[in-house]
Amino acid sequence: MILPLIFLCCVFHLVSAQLRVGFYNSTCPQAETIVRQAVQKQFNSDRSITAALLRMHFHDCFVRGCDASILIKSTKSKQSERNAGPNQTVRGFELIDNIKKSIEISCPSTVSCADIITLATRDAVALAGGPTYAIPTGRRDGLVSNAADVNLPGPSFTVPQALQSFTNKGLSLNDMVTLLGAHTVGVAHCNFFQNRLSPVPDNTMDPTLAAQLLKTCSKSTATAFLDQNTSFTIDNQFFRQIMLKKGILKIDQELTLDKSSASIVSGFASNENTFRQSFANAMIKMASIDILVGRAGEIRNNCGVFNPPNQKGHKVL
């Protein structure tokens, strides 16, 4: 069994090595500036765009890899990932589409939608007070998007259940705890945690918080911040909150209850710099999951639609 594992590891690093920081420096030098300015403009009017892009990026990478398959629109004959149950509340599509249109004017058929998602998320993280990091680019867009392929870790998972989903993607326990820290800017619809409030309150949740959420969730469309303290800032407050039994989702609270993850949580809660560095590293690692490079996939002209068959992979970067 050793040889296959070594082979898979080498393949991962070989593919990842084809990405590089500044991939578009010569072919579309203004690409990252266009992305950054568009995200800044959106953030100025809607700070929740950071959470929206983080969620989109995660949901894209965890299905077929970071290939922008989540952006494809469904047709009458086929449901795409975009319309799968877990993606019904994903937002940010219009922003990505607008960025793509702007880039196409300057550099037609050059910058992938997969890289636009990755860069936009990186910029939104920085605007929300998170770490600034250089992200390699050079991904290509996928040619497949099926609703049935969407199988994401759920909000009521235990740590071992969630970890299985992450390890299947080559991510570690530390990566998982770190990436769940993105909930520091997240919100959840009440139906994702209603079972923790009634008919029997979950004793792992702070009673005052539970009572407050019960009132909030009296409206069927209500949502709650996953970090009740600094809800629009990427910091370590999420970890401090869950250590006080103020985790909204079951999986968030489970991080402090499971022995395998509890020490990571306490480490992040006590040292924000440790979390920031780990978050940057985990985001870079996640953005390299099952990527398409070289001649694989395509560079879409429109992020929501596959190129016509005769244009598949029409431009090799």
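Glycine is treated like the rest: Cβ placed from N, Cα and C.
The disulfide bond annotation in TrEMBL covers Cys28-Cys107, Cys61-Cys66, Cys113-Cys303, Cys190-Cys217. Annotated active site, proton acceptor per TrEMBL: His59, in sequence order. TrEMBL lists Asp60, Val63, Gly65, Asp67, Ser69, Glu81 with the feature Ca(2+) 1 binding site. Under the heading Ca(2+) 2 binding site, TrEMBL lists Thr184, Asp227, Thr230, Asp235.
Counting every protein chain shown, the Cβ of Cys61 (disulfide bond) has 24 other Cβ atoms within 10 Å.
One way to see the shell of the Ca(2+) 2 site is to take the Cβ centroid of Thr184, Asp227, Thr230, Asp235; the remaining same-chain residues with a Cβ within 8 Å of it are Val185, Asn229, Ser231, Phe232, Thr233, Ile234, Asn236, Gln237, Phe238, Gln241. The two recorded residues, Asp60 (Ca(2+) 1 binding site) and Cys66 (disulfide bond), show a Cα separation of 6 Å. Taking each of the disulfide-bonded residues Cys190, Cys303 in turn and counting other Cβ atoms within 10 Å of its Cβ gives the largest count for Cys303.
In sequence order, His183, Thr184, Val185, Gly186, Gln237, Phe238, Gln241 are the residues of the chain that are 6 or more apart from Asp227 (Ca(2+) 2 binding site) and have a CB within less than 8 Å of its CB. Apart from Asp60, Val63, Gly65, Asp67, Ser69, Glu81, the Ca(2+) 1 site neighbourhood in this chain, defined by C-beta within 8 angstroms of the site C-beta centre, holds His59, Cys61, Phe62, Arg64, Cys66, Ala68, Ile70, Gly142, Ser145, Asp149.
The Cβ of Ser69 (Ca(2+) 1 binding site) has Asp60, Val63, Ser80, Glu81, Asp141, Gly142, Val144, Ser145 as same-chain neighbours under 8 Å, each 6 or more residues away in sequence.
For the recorded positions Val63, Cys107, the ranking by surrounding Cβ atoms (within 10 Å, all protein chains) places Val63 first. Taking Cβ-Cβ distances under 8 Å and a sequence separation of 6 or more, the neighbours of Cys28 (disulfide bond) in its chain are Ile103, Ser106, Cys107, Thr110, Val111. When Cα-Cα distances from Asp235 (Ca(2+) 2 binding site) are compared across the recorded positions Cys61, Gly65, Asp67, the shortest belongs to Cys61.
If you take the CA of Asp67 (Ca(2+) 1 binding site) and look 10 A around it, the recorded positions you hit from Cys61, Cys190, Cys217, Thr230 are Cys61. Thr230 (Ca(2+) 2 binding site) sits 19 Å from Cys190 (disulfide bond), taking the Cα positions as reference.
The least crowded of the binding-site residues Thr184, Thr230, judged by other CB atoms within 10 A of its own CB, is Thr230. The CA atom of Cys113 (disulfide bond) is located 10 Å away from the CA atom of Cys66 (disulfide bond).
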